[in-house]
Amino acid sequence: MVPVLLSLPLLLGPAVLQETGSYSLIFLYTGLSRPSKGLPRFQATAFLNDQAFFHYNSNSGKAEPVEPWSHVEGMEDWEKESQLQRAREEIFLVTLKDIMDYYEDSTGSHTFQGMFGCEITNNRSSGAVWRYAYDGEDFIEFNKEIPAWIPLDPAAANTKLKWEAEKVYVQRAKAYLEEECPTMLKKYLTYSRSHLDRTDPPTVKITSRVAPGRNRIFRCLAYDFYPQRISLHWNQASKKLASEPERGVFPNGNGTYLSWMEVEVPPQNRDPFVCHIEHKGLSQSLSVQWDEKSKV
């Protein structure tokens, strides 16, 4: 058995792109040995940068583009993509079974995951990843510089032997990451650059609540912004306040992101509070003051 991506020839031809920038194409695969009722045994999602652009699962057997790519004609032959994903599904689940057989656990509930893809910067290949995990633990990864599969789990030594049974398998894996994947990404970018390069400014909402002990907690919520990077902090009387660390930036379910910052102050502190936001979608930093009338 050969690695997942080497089972079928690449379906896309060469493409040329002259513009500069950094972009990535990443595939995420998940296989389940005993899926719960209604859940697919195998799922795949492809991402352009951080934006999902198609899903596939074993229940439907179809690769289906998501918004806005579902309205883009010519980007991909989705029937051929469905055939490719069905072939990858079969090989992926065979690998999961092989691992379970190694551990003599043919009936257990286990998860096998894969992530692979590439990045281009200024129209040149600038990075790649190809690795797998079993039950949430690193299993095996491909090092394209050696090139070789690197076992990260006892069972992975057996997988390495199969995936390196012929030298050509390793060379094709290297070629996929360095040549074929970037070519595919460049083609996709001819249809996707405007969407990936967009800037959606954040919508900002400030709320407050009384915490135990009667201190007041102010929250500055920013949402519906893209790209992901954003800076939030609280000011009072032109002084930056000590506040809890950013909780992070989270997907908003619509291709944008949300984040928030909180600060806790004693009830006697009545000076105005201002939330400062910096984001690529804003022409200048945004300052939003807490309004007592909007208290919730």
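Including glycine, each Cβ sits where the backbone N, Cα and C put it.
As recorded in Swiss-Prot:
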| type | residues | note |
| --- | --- | --- |
| DISULFID | C118-C181 | disulfide bond |
| DISULFID | C220-C275 | disulfide bond |
| DOMAIN | 202-287 | domain 'Ig-like C1-type' |
| CARBOHYD | N123 | N-linked glycosylation site |
| CARBOHYD | N254 | N-linked glycosylation site |
| SIGNAL | 1-17 | signal peptide |
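Annotated features, which come from Swiss-Prot, shown on the structure.
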{"residue": "C118", "record": "disulfide bond", "Cβ within 10 Å": "24"}
{"residue": "N123", "record": "N-linked glycosylation site", "Cβ within 10 Å": "16"}
{"residue": "C181", "record": "disulfide bond", "Cβ within 10 Å": "25"}
{"residue": "C220", "record": "disulfide bond", "Cβ within 10 Å": "24"}
{"residue": "N254", "record": "N-linked glycosylation site", "Cβ within 10 Å": "11"}
{"residue": "C275", "record": "disulfide bond", "Cβ within 10 Å": "24"}
Secondary structure tally of the domain 'Ig-like C1-type' (202-287) (DSSP, helix then strand then coil): 0 helix, 48 strand, 38 coil
Cα-to-Cα gap, C275 (disulfide bond) vs N123 (N-linked glycosylation site), nearest whole Å: 38
DSSP-derived structure type at C181 (disulfide bond), helix or strand or else coil: helix
Length of the line joining the Cα atoms of C181 (disulfide bond) and N123 (N-linked glycosylation site), in Å: 13
Nearest-integer angstrom distance between the alpha carbons (Cα) of C118 (disulfide bond) and N254 (N-linked glycosylation site): 24
Mean per-residue pLDDT computed across the domain 'Ig-like C1-type' (202-287): 86
Coarse DSSP state, helix versus strand versus coil, of C118 (disulfide bond): strand
Rounded Cα separation (Å) that holds between N123 (N-linked glycosylation site) and C220 (disulfide bond): 38
Alpha-carbon distance [C220 (disulfide bond); N254 (N-linked glycosylation site)] in Å: 20
